[in-house]
């Protein structure tokens with residue numbers, strides 16, 4: 001509780017207090033700001049009796065040493081900093097760049113953002129945002145079509161139908177609205193939005209269009225594009241990527257979705273709700289790889305098996321030809337291991353959801369001797385770009401999908417904020433384990449931290465014990481009131497010290513429920529503390545509360561259902 | 001948990017008398033096939049105190065696999081999670097009695113475990129005898145009955161149409177060798193135990209879609225086309241013999257029985273055809289047929305009364321069809337088929353006549369594509385050419401109404417102005433599904449139809 005208080009205190013109130021100080025001249029302001037920062041922290045910690053917090057305080061102190069070293073060096077370059085056009089130049093105005101820009105302005109940096117396409121990037125224009133609009137429609141359709149579900153409420157609904165163009169418009173209108181909001185928020189704060197493709201010319205020098213500008217620090221945030229494996233011909237009509245699918249130009253009778261990750265799953269939810277039948281093609285042996293196995297098992301039982309979906313696992317789509325001249329879309333499947341031909345599918349459309357590839361071509365990386373790895377820009381834990389010799393390039397950072405650390409919009413934004421923290425004199429390392437992820441199917445899937453196998457592997461290596469707490473949505477009043485009792489929440493934790501290692505939720509509004517766990521992980525809150533917090537009744541948040549309460553901390557002989565192996 | 005679950009796994013074969021006596025449904029013969037070998041049953045475990053039945057999520061092992069003590073055999077679904085069920089004995093998984101997705105009560109046998117490979121066959125016989133399906137019939141008794149039961153199963157199996165796999169018309173199906181069916185069709189087929197091989201798809205490019213499977217399961221007409229190929233003209237019938245239905249006749253039979261579930265009623269009307277006959281005479285030379293004229297007139301009337309062109313699929317709603325497709329019943333050797341004049345209200349009478357000729361030729365040659373005989377929204381049945389003056393038609397499932405058309409005959413008619421005259425008149429009789437089409441609807445429809453036929457100038461547009 002206390003640590004939560006102190007952190008929020010430092011993050012929100014400090015920059016406000018400092019803004020007038022650092023607006024004119026960055027160099028002298030750094031030192032006092034740091035002093036003040038630590039002073040405040042110390043005050044906050046002064047209240048805390050817990051030993052956890054004292055260890056935290058120790059960290060802070062050591063951090064301060066580093067920071068002041070950085071500050072003195074930047075003070076030495078003070079004259080130089082005046083000769084730059086900008087304090088910070090961000091290449092790419094996606095969610096990552098936007099998050100960084102806003103935070104930079106808050107920190108008093110003169111900031112420019114370069115965008116070659118549309119503001120908002122993938123997330124706003126071709127990703128999270130329009131897909132949520134489609135999923136909002138699919139959720140309602142699903143509900144209205146579920147006669148049994150409606151009957152259980154005592155509701156009568158006559159045959160539900162939809163207008164495809166209307167649904168598509170909802171998605172594009174939402175994207176436009178969010179894009180405008182994003183643009184306006186940056187304009188209002190005085191961020192210069194520069195139009196053109198950005199490229200790095202040399203250290204601290206960037207080109208966009210025909211203009212060359214200099215910046216003290218540069219962030220590359222160019223994001224990613226849909227990855228299309230070779231052999232697949234995308235025509236944008238019958239063989240499509242998520243970019244096309246979000247426009248919802250057609251609802252095919254039968255669509256094959258290549259890849260059963262987040263993107264594929266969400267689209268299967270949309271298409272089946274709108275009346276399509278879906279065939280998944282997954283290269284791994286199991287659908288939904290990457291999710292906790294128990295969650296993916298349950299998800300398969302709820303999201304796949306009862307729906308008009310079938311699947312081929314352990315196969316690659318080696319060749320996909322778009323529909324032409326009255327012929328359907330042809331998909332050739334080969335065994336993922338032996339590469340032998342296995343099957344041919346003829347479908348009305350194919351959606352390629354095999355992941356995303358970094359968009360780093362034409363960035364001028366060769367000018368600064370950066371060698372990409374499969375397109376990704378190598379960075380260290382502070383997002384500092386590493387060159388071909390393994391050396392850090394000063395003043396150059398890369399965030400978001402382009403570095404491939406965690407390809408999520410909010411991770412990019414968090415990385416951007418972390419970088420701004422660093423360049424304004426506060427060392428910061430983002431804890432990626434605390435970044436939640438969600439898949440907005442009906443019901444939703446969300447997760448943070450490690451999966452059970454990952455946690456067990458780590459436990460084995462580091463020699464600690466792992467326990468699992470589980471609870472069902474069937475036990476939650478609010479979920480039952482909504483007739484949505486299908487769902488599972490699962491927490492993986494250390495029984496010895498109460499550390500949360502991972503939380504996985506499958507059920508109604510799972511994406512909203514995960515944050516209590518992700519915040520606890522980010523702040524280092526232990527189960528024994530958070531389990532005393534109170535949740536409003538009846539709410540879905542009690543599912544997570546139930547998890548915390550079900551955990552048996554400090555008893556090595558945990559009674560929780562660790563292994564579900566059962567004998568006959 | 002696991003301690004609790006060990007108990008149901010008991011060697012059961014040693015208790016034949018006790019179990020047998022508990023079964024009433026089986027004739028117990030004195031002959032008992034001795035099964036000395038250890039064949040153990042794997043029971044549905046009780047995974048919680050409240051669990052009464054469990055669902056098999058998946059079999060980890062398949063029949064014939066060797067099992068080692070402690071190995072997972074099957075995954076069972078409980079209210080919270082999937083549980084791996086493991087064996088406490090070495091042996092062979094001889095027979096799976098409850099398939100994946102099946103539900104079995106707690107304590108009932110879901111599989112048999114044989115101690116040695118030789119006993120697998122015994123165990124299999126035992127399993128088939130108990131009928132599978134998760135019921136808890138006592139296996140030893142059932143084993144006696146095994147051969148009978150197996151035979152029964154075979155007899156019951158051909159629910160699915162096995163015939164003429166080659167008739168699947170999907171271009172990529174390699175002459176029917178490969179089955180092209182949509183995901184939902186496959187799922188339904190598994191659920192309804194319909195065999196996809198040999199089904200003719202009505203989806204895009206001949207793909208089998210869900211409604212084809214449903215039609216077969218409901219005894220519908222999709223496989224009729226398959227049957228058409230099989231039917232060989234058999235003009236002479238051997239008297240005193242019992243001839244099983246051809247597939248098409250079977251489909252007709254099932255359709256007719258299914259029609260009994262629809263509450264139908266009939267409304268008749270007498271229509272004067274002098275003007276229509278005159279028109280027919282005038283344009284006959286241009287290849288116009290009477291059937292096309294009647295279909296066109298009906299379609300124009302339907303356009304004004306969309307409810308008569310609707311149908312009731314689920315018992316809860318009207319399905320207003322977007323197009324008016326008039327199906328016309330045609331007798332062919334060994335059955336009947338209903339080629340469809342699509343969009344009969346929009347297509348002009350000359351094209352409609354040409355289309356009709358093409359459809360009849362195709363029907364005779366048994367080359368009708370599924371969409372050419374199963375997309376009708378309203379059916380016409382005309383027996384006028386045989387001199388039938390009136391009859392009653394049965395409503396084909398999936399449509400809202402059918403019209404029986406009698407012969408047009410010269411009749412003595414009293415007119416309103418008090419005179420007596422001769423007019424050509426025909427009687428039509430519409431059978432309709434009263435869930436969606438009411439008496440007044442039909443009456444108005446027939447009134448419109450009569451006015452179109454009595455003043456047929458609109459037909460030649």
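Backbone N, Cα and C atoms are what each Cβ position is placed from, and that goes for glycine too.
Computed from a predicted structure; not experimentally measured.
As written in TrEMBL, here are the features:
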type     : residues                                                             : note
DOMAIN   : A:86-416                                                             : domain 'FAD/NAD(P)-binding'
DISULFID : A:123-A:128                                                          : disulfide bond
BINDING  : A:132, A:198, A:222, A:223, A:224, A:401, A:407, A:408, A:409, A:410 : FAD binding site
BINDING  : A:259, A:260, A:261, A:262, A:263, A:264, A:265, A:266, A:282, A:355 : NAD(+) binding site
DOMAIN   : A:435-546                                                            : domain 'Pyridine nucleotide-disulphide oxidoreductase dimerisation'
ACT_SITE : A:537                                                                : active site, proton acceptor
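Nearest by CA distance to residue A:282 (NAD(+) binding site), out of the recorded positions A:123, A:128, A:132, A:407, A:409, is A:407. A sphere of 10 angstroms centred on the C-beta of residue A:537 (active site, proton acceptor) encloses 10 other C-beta atoms. Distance from the CA of residue A:222 (FAD binding site) to the CA of residue A:123 (disulfide bond) is 12 Å. Here the binding-site residues are A:222, A:224, and the one whose Cβ sees the fewest other Cβ atoms within 10 Å is A:224.
For the recorded positions A:123, A:407, the largest tally of other C-beta atoms within 10 A is found at A:123. Just so you know, the Cβ of residue A:261 (NAD(+) binding site) picks up 18 other Cβ atoms within 10 Å once every protein chain is counted.
In sequence order, A:257, A:267, A:288, A:353 are the residues of the same chain, not among A:259, A:260, A:261, A:262, A:263, A:264, A:265, A:266, A:282, A:355, whose CB sits within 8 A of the CB centroid for the NAD(+) site. Considering only the recorded positions A:128, A:222, A:407, A:537, residue A:263 (NAD(+) binding site) has A:128 as its nearest partner by CA-CA distance. Comparing C-alpha positions, residue A:265 (NAD(+) binding site) sits nearest to A:132 among the recorded positions A:132, A:224, A:407, A:409, A:537. With respect to residue A:224 (FAD binding site), the closest of these recorded positions in Cα terms is A:128, chosen from A:128, A:259, A:261, A:537. Closest in space to residue A:128 (disulfide bond), of the recorded positions given as A:259, A:261, A:407, A:409, A:537, is A:409, taking the CA atom of each residue. In this structure, residue A:224 (FAD binding site) is part of a beta strand by DSSP. Taking every pair among A:259, A:260, A:261, A:262, A:263, A:264, A:265, A:266, A:282, A:355, the residues recorded as binding NAD(+), the greatest CA to CA distance is 15 Å. Between the CA atoms of residue A:259 (NAD(+) binding site) and residue A:409 (FAD binding site) there is a gap of 20 Å.
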